[in-house]
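**Q** I'd like to ask you about the structure that follows.
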Amino acid sequence: MGAGRLYAAVVAGGFRRYATYRAATAAGVFTNTVFGLILVYTYLALWAERPSLGGYDQAQAVTYVWVGQALLSTLAIGGGGAETELMERIRTGDIAIDLYRPADLQLWWLAADLGRALFQAVGRGVVPFAFGCVFFPVSLPGDVGTWLAFLVALGLAMVVGFGIRFLVALSAFWLLDGVGVTHLALLVGMFCSGMILPLNVFPGALGEVVRLLPWSALLQAPADVLLGEADPAGVFVFQAGWAVVLLAAGRLVQAAATRRVVVQGG
Amino acid sequence: MAEGGAGTGARAAGERGAAAPAGEAFPAGGGDGRVRAGLRTYGLIAGMWIRSTMAYRASFVMTVGASFAVTGLDFVAIWLMFSRVDALGGWSLPEIAFLYGLCGVSFGLADLAIGSMERLGRRVRDGTLDTLLVRPAPVLAQLAADRFALRRVGRVAQGGLVLGYALAALDVGWTPLKVLLMPVTVVSGAAIFAAVFVAGAAFQFVAQDASEVQNAFTYGGATLLQYPPVVFGQEMVRGVTFVLPLAFVNWVPASYVLDRPYPLDLPGWTAFAAPPVAAGCCALAGLAWRAGLRSYRSTGS
């Protein structure tokens, strides 16, 4: 079996695994829609006070909300991706099994997480987004090219998201209990990805800094491509750059971490 | 206390039988003992989980800090908004902080006390709920204290801090009635959210995998109440006033304290309606819980 086919099978497995829980998916769709509704009204009030805040008009701000709700679980910005399971396997020692599989640890989990993300995008993302487009004034691109660019940016965002969460998960090799790190990752992720407020609304230097961090590749970057607020090529370079840096860092940490593993004889 | 515990256990087990008479759960003389047993169970289990959490002390400190900060993120969002505008829907930052603080403390207290109940769906799915059913202690108390997360004090503290800021920054014309209304509002609000948690848990007997729906009403409700009612659509405000009466957690009492128009032009006395509303919610949630528990059938294996 070629390596490509192996990882493709893992992607498909990750997709099918999440697709199994239909009731949970429906519940997630409902919850994302409710949160979207709440956020949309607060954004409408904000943009009513300051039209064209952050360079968005009201319709763009509304679109941003629904893109955010569609991508929250897809990119696991609030946690709940492959890293949760990976951390548990490190804590329990099951990671030893993963390490003697004839597959690369990082690529294996990247593939599994991509499968999950692809399902979440289709299963949990599309419906809240469509709901928002039907019931609120949104700003969507008319040309296919922008939509394709959005999908490319989304794919890159998935890789960057995994890169961040893989590093978070590997910290369990040293800390064992990953609850604290998971919380911190959630906190930074929500703030710096633009999930709580678009990054272009952040004031002054703070806004400049958060837009350079890897988290801005998650939500802000694809959203700006979709809204026609950013040059797709520049966004792709930014996202791909962070993806490479994060995956390389993951490799280094993984090498250091696996030297620590001691498999107890049984 | 041992006898009382055993007696409660018999009743708790009896609750599962469809034939159990409706009045049995509130026997004339035993109701008080039942509540006491429940509270004692709750205290014992919660204490155990606190000790267990302390085994990973560094992680505990991080999670309290993170709980404080994650909750605070909502307020950071509001604060960032106010770095660009002076008012939201005509409400100033201290006024919104007042709403936020009241809601934050109420929700934080409910979440601390019984937030763990949202794990019920998982217990139904993996069959571990059965273990709780055979123990001689009220199931509700056992579930509420299950995995008691002391880190959630971070949420209460954060809400309290914002409320403190609001009270310092606002120029409220305090009257004895307004002062009295504050603690009443916080306790009633916590009771309303607690009822939502219990009703959500009861729903999970039916929904199981769909437990996330509950988040829309608990966390979603708490988020909604951080903003003034004028921001939202009329239908939405009506829904959270008359269907799921979250408006009584802070919107209505805060309108009285801040001398603002009431949402939906409610009459003035509704500012004091929170305690009966909370009592009604708790009673309904209790009924839902009993119905849910009765309908439970173990997976068997």
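Glycine is no exception: its Cβ is also placed from the backbone N, Cα and C atoms.
Residues or ranges marked as transmembrane segment by TrEMBL: B:58-82, B:97-115, B:156-174, B:180-203, B:236-257, B:269-289.
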**Q** Do the transmembrane segment (B:269-289) and the transmembrane segment (B:180-203) share at least 3 Cβ pairs under 8 Å, sequence separation 6 or more?
**A** yes
**Q** I'm a bit unsure how to read this: which one of B:58-82, B:156-174, B:180-203, B:236-257 has the highest number of Cβ pairs shorter than 8 Å with the transmembrane segment (B:97-115)?
**A** B:156-174
**Q** Counting Cβ pairs under 8 Å to the transmembrane segment (B:58-82), which of B:156-174, B:180-203, B:236-257 comes out on top?
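**A** Stretch with maximum Cβ contacts: B:156-174.
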**Q** Please give the sequence-distant neighbours of the transmembrane segment (B:236-257): residues at least 6 beyond its ends with Cβ less than 8 Å from one of its Cβ atoms.
**A** 98-99, 102-103, 106-107, 172, 178, 181-182, 185, 188-189, 192-193, 196, 217, 221, 224-225, 228-229, 263-264, 266, 268, 270-274, 277-278, 281
